[in-house]
Structures are given as structure tokens and as C-alpha cells.
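Below is one structure, written out as C-alpha cells, with a few remarks after it.
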Amino acid sequence: MSSRKRASLYEKLQRLRTATNSTAVNKTSIIVDASRYIENLKEKVERLNQEISGTSSSLSSSSTENQLPMVTVESLEKGFLINVSLEKSCPGLLISILEAFEDLGLDVLNARVSCAENFQLEAIGGENEGEDHGINAQVVKQAVLQAIRNWTENNEQG
């Protein structure tokens, strides 16, 4: 990437960081903070619309339960940077995602996870030594999304 493109990207990330009141320093964290900021704005708009129309607040709770996960996968030199974010606590979801990594032949090289009020995962996965699956970021993303769907189906039945 040219230095001009890199500088332009850096400037845009700093503007995004400022606009979303983020204190993050790396680009992935800035983007995660921005997505949280956008989700909070959506919720505020929904609440305001409900107040204006006078509808019950029960709609609000059901819509937050059905929020879609945010999954991003970025190719690295030797592996992938995987981010998963859901606006609710998801007991057991981490295990499902790690099993998906294992099925793909990815080793978790580094990870940060929060499962308290919401689910956040930032992981760096590298392909197992000696294995060349030729997997790409899209394959990893689809596997993570499938793991989330499987987890959701299993928890709705229980």
C-alpha cells in the first residue's frame, strides 16, 4: 500500500475514532467501537420512534434478542484476524466458534474474549503447521456464522 493511501486510511480511522468517542488505538478496535456506537444509535432511534408512536416497550426487547452478530475476518500474512460481536451474553458460543476453527484447521494464536454483558471475540488464527487447506477469509467468516447459527438453534430448542 502506498504511503499516501496508508496516510489517507489512517486519517479516516482517526476521524471515525473521534466521531465515535473511541479511545482505541488499533484499527480493529476502532472499527469495533464504531459498530457499537452505531448499534447504540440505532437503539436510541428505535426507542424514540416507539415513544413518538406510543407503542409498547416489549417490541424493543424482542428486537434486541434477534440482533445479528457482527463478524469480520481479515486476511493476515499467515492467518486471519477474526472479530465477532453480539449485543448479548452468549454462554457456550465461544466453544462453538473454537470448534469451527478446529474444523477448518486453524490454531488460535492470540485471542481476547468478553462474555459478560455482550459477546466479544477478537482472535488471530493461523493454519496448522504442515496443512495447506487454501482457506480464505470468506470461508472462515462463513464457518463462524454457521457456528453462531448452530449455537442459536441449539439454545432456542433448550
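For all residues, glycine too, the Cβ spot is worked out from N, Cα and C.
Keep in mind that TrEMBL annotations are predicted by a computer and have not been checked by a curator.
Some features that TrEMBL has for this protein:
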- 31-58: coiled coil (COILED)
- 70-149: domain 'Plant bHLH transcription factor ACT-like' (DOMAIN)
* Please list, for the domain 'Plant bHLH transcription factor ACT-like' (70-149), how many residues fall into helix, strand and coil according to DSSP. => 25 helix, 33 strand, 22 coil
* Mean pLDDT, the coiled coil (31-58)? -> 75
